[in-house]
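Straight from TrEMBL, the features:
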TRANSMEM  B:6-24  transmembrane segment
TRANSMEM  B:31-49  transmembrane segment
TRANSMEM  B:55-79  transmembrane segment
TRANSMEM  B:91-112  transmembrane segment
TRANSMEM  B:143-165  transmembrane segment
Amino acid sequence: MIPLSWYLFLSLILFTIGVLGVLIRRNAIVIFMCIELMLNSVNLALVGFSSYIGNEIGQMLVFFVMVVAAAEVSVGLAIVIAIFRNRLTVNIDEINLLKW
Amino acid sequence: MTAQALVFFILAFVSIASAILMITRANPVKSAIFLIVNFLSLSILYLTLSAQFIAIIQVLVYAGAIMVLFVFVIMLLNLQDEKRLSDRFDVRRLIAFVIVLLVFAEIAFGLGKSVSGRFLKPAENSVEIGKIEFIGEKLFTNYILPFEITSLILIVAIVGAIVLAKRKFE
């Protein structure tokens, strides 16, 4: 049998790639996708713990994370569409009205 | 090497490779396709952890609903390709790599200390708790309040998305 630490390290690597994507990409939609990647890597860790400890709480938490992710994506993409309608761009370097 | 370890390594390779390809493609549609590949490989990883219900809703909700929304919005906005990543190698990008390495090292150190030598094989009831029957029963008894609140979250999200994205008539 494979130990839990393998799943946790895979989850860590995917999370790190997601953080890197958020930091280096300039396209708002791709940044959203990287956030989805990070949420999924945490889901993998939660399911791993749930299965190796023998407790269902981890899988319940994954279910609610997915619901919140769906809500977040719909509202976030609506914001992206609204910004694109006003500024005709989704490049986050040019969307700097709230920057000090 | 056992068959389980082989399956794990293949899936881990596919998911890591598709994640790296996702953040390095200039075209957002290609990024979305590689993210779908990543979600599918994660869904099979959930099956190897005997979480059947989570594997199914991973495909239904993530690869089905959320990614369709992404591709739809990309199509709606008619975006150009981003500049190639290697064109702009500046100080900010270097700082980003350093931060990412620090995050990786910190979490890896914590994980290595806390799980080494523990959790070597799944619990005896791991197959039982992954079943849809069990999860459904728990969801409608012990977790009924959070389950009902999710419907509130979803309706707020629908109303918010419509209000934000609708065209203003002046």
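Don't overthink the numbers, they just go from 1 along the chain as shown.
Keep in mind that glycine also has a Cβ here, set from the backbone N, Cα and C atoms.
Packing against the transmembrane segment (B:31-49) from elsewhere in the chain are residues 4, 7-8, 11-12, 14-15, 18-19, 21-23, 25, 55, 58-59, 62-63, 67, 70-71, 74, 122, 126, 130: each is 6 or more residues past its ends and has a CB under 8 Å from a CB in it. For the transmembrane segment (B:55-79), the list of distant contacts is 28-29, 32, 35-36, 39-40, 42-44, 46-47, 132: same-chain residues at least six beyond its ends, Cβ to Cβ under 8 Å.
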